[in-house]
Amino acid sequence: MNNLSSSISTSTRPGGAASPRDRLLLSGGGRGGGRRRAAFVVCSVKPPSATSSAATLAAPGQGKTEAAGRIGGLSQVSGVLGSQWGDEGKGKLVDILAQHFDVVARCQGGANAGHTIYNAEGKKFALHLVPSGILNEDTLCVIGNGVVVHLPGLFEEIDGLEAEGVSCKGRILLSDRSHLLFDFHQEVDGLREAELADSFIGTTKRGIGPCYSSKVIRNGIRVGDLRHMDTFPEKLDLLLSDAASRFPGFKYDPDMLEEEVERYKRFAERLEPFIADTVHVMNESILQKKKVLVEGGQATMLDIDFGTYPFVTSSSPSAGGICTGLGIAPRILGDLIGVVKAYTSRVGSGPFPTELFGNEGDMLRSAGHEFGTTTGRPRRCGWLDIVALKYCCQINGFSSLNLTKLDVLSYLPEIHLGVAYTLPDGTPIKSFPGDLDLLEQLKESIVEYEVLPGWKCDISSIRNYSDLPKAAQQYVERVEELVGVPIHYIGVGPGRDALIFK
């Protein structure tokens, strides 16, 4: 087990205006506030700004040009993607950037994505399907064809937002090509996990995998099918019968089919104003020079191809998923921002080379309030894994990084960076491996750590990079050096304003 006070550098595994939708169609387009803190001194007493616009995001003492320059300089089509195992804080950056984009779009995943954001008054919102740009009233939110959609969950989310005064009417478009995730998909998800027994994946049991399975074997039902209720019962019967034949624990009878058909007739009527050909909408928006921000769900280390397979999600949360999940061309993509915590966490099973155990892991989890937005499950926590981060940077070609939750590390006297892996025989592992057997061997491997000094003071009110303690700056700059990608955004708290532009 890693010792937090150790100085060694190598260790064993440790209201009346037209809505955004209307404006587009008319023009031709078709984390937690309860975080517990240890006692330490305050490095800065500068009060954080209460505003949230790009021009005033910086607190007194921070040049406003840094914020406006960074955001204003982003490409017409930009993306925010996770670069670990999810839960990095992508929603907060999307919420901030969305004020300067016309469209915010989700391209993959489903309600297994949980993004926690805060409005200007500090009100917390936990979003799962609705893009994080929804708090910005001039932003059109698009749920693309690559997303799987559980309609009861989507309606519940919309109702919750409306109850808090967030208008959704005319501001959310759902692709007619998106696949519908039914309640039975969630039931099957649980049955599948039980079937796997000790080899379970550790899914959110939100039915994501079974729904994507239905899509890939070509018996899935898409949003557009709700416009054809004459053939809907037959398609649903085929889908339910297939599940019943595969899982004896799933009970299906004609009454279930009748109930579901009637239920989805009601859903279809409510959903109709939201349905659109989002491929057309996205490409028309781009032609009209509108700014588009893509919000990734999950992260590259959970990618179905590039993640720690089979302990992954069922979609492509890396850069390639943007094109397939929205129907836009690769050459259109511009800046991609990778979001990474100042440490590492993951939910569910699977390899985690820099994981901390026992009291050390519990302290980091408590300091970072690391419990899942979607499931409430405690997250596994550990040191920042530079090997995995470099791998994610290579796959996605990030133009910059957003280092989040730097303030969480403020209680530590020293901080470790996992910079290399070697096998027990001393053989170096040059990149993050895809072989599951080799990943399992990492349980017995050597993780090389660089040990950096901590800063032991509260940095949550700092808004100017030069005001950070030297040790905190050293940490940021060492990460930049190791991965070869600049860090342009640094999170020092959960609020909208708790962001340093570097």
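Glycine is treated like the rest: Cβ placed from N, Cα and C.
Features as listed in TrEMBL:
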type     : residues                                                                                           : note
REGION   : 1-35                                                                                               : region 'Disordered'
COMPBIAS : 1-13                                                                                               : compositional bias 'Polar residues'
BINDING  : 86-92, 114-116, Arg379, 405-407, 491-493                                                           : GTP binding site
BINDING  : Asp87, Gly114                                                                                      : Mg(2+) binding site
BINDING  : Asp87, Glu88, Gly89, Lys90, Asn112, Ala113, Gly114, His115, Thr204, Arg218, Gln298, Thr313, Arg377 : IMP binding site
ACT_SITE : Asp87                                                                                              : active site, proton acceptor
ACT_SITE : His115                                                                                             : active site, proton donor
ACT_SITE : Lys215                                                                                             : active site
BINDING  : Thr373, Thr374, Thr375, Gly376, Arg377, Pro378, Arg379                                             : substrate binding site
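Residue pair Leu406 (GTP binding site) / Asn112 (IMP binding site) shows a Cα separation of 25 Å. Across the structure, Gly114 (Mg(2+) binding site) and Arg379 (substrate binding site) are spaced 13 Å apart at their Cα atoms. Closest to Val492 (GTP binding site) by Cα-Cα distance, out of the recorded positions His115, Gln298, Gly376, Pro378, Arg379, is His115.
Fewest Cβ neighbours within 10 Å among the recorded positions His115, Arg379: that distinction goes to Arg379.
The shortest Cα-Cα distance between Gly86 (GTP binding site) and any of the recorded positions His115, Gly376, Pro378 is the one to His115. The candidate set comprises the binding-site residues Gly86, Gly89, Gly114, Gly376. Of these, Gly86 has the most other Cβ atoms within 10 Å. Distance from the CA of Arg377 (IMP binding site) to the CA of the residue listed as 'active site' is 28 Å. Counting other Cβ atoms within 10 Å of each Cβ, the binding-site residues Leu406, Val492 show the lowest value at Leu406. Between the CA atoms of Gln298 (IMP binding site) and Gly376 (substrate binding site) there is a gap of 16 Å, rounded to the nearest whole number. Per-site Cβ counts within 10 Å over the recorded positions Lys215, Arg377 peak at Lys215.
Taking each Cβ in turn and tallying the other Cβ atoms within 10 Å, the top scorer among the binding-site residues Asp87, Asn112, Thr116, Gln298, Pro378 is Gln298. Restricting the binding-site residues Gly376, Arg377, Pro378 to those with a CA within 10 Å of the CA of Thr116 (GTP binding site) leaves an empty set. For the pair the residue listed as 'active site, proton donor' and Asp87 (Mg(2+) binding site), the C-alpha distance works out to 8 angstrom.
Reported as a whole number, the C-alpha separation between Gly89 (GTP binding site) and Arg379 (substrate binding site) equals 14 Å.
Nearest Cα neighbour of Arg379 (substrate binding site) among the listed binding-site residues (Asp87, Lys92, Asn112): Asp87.
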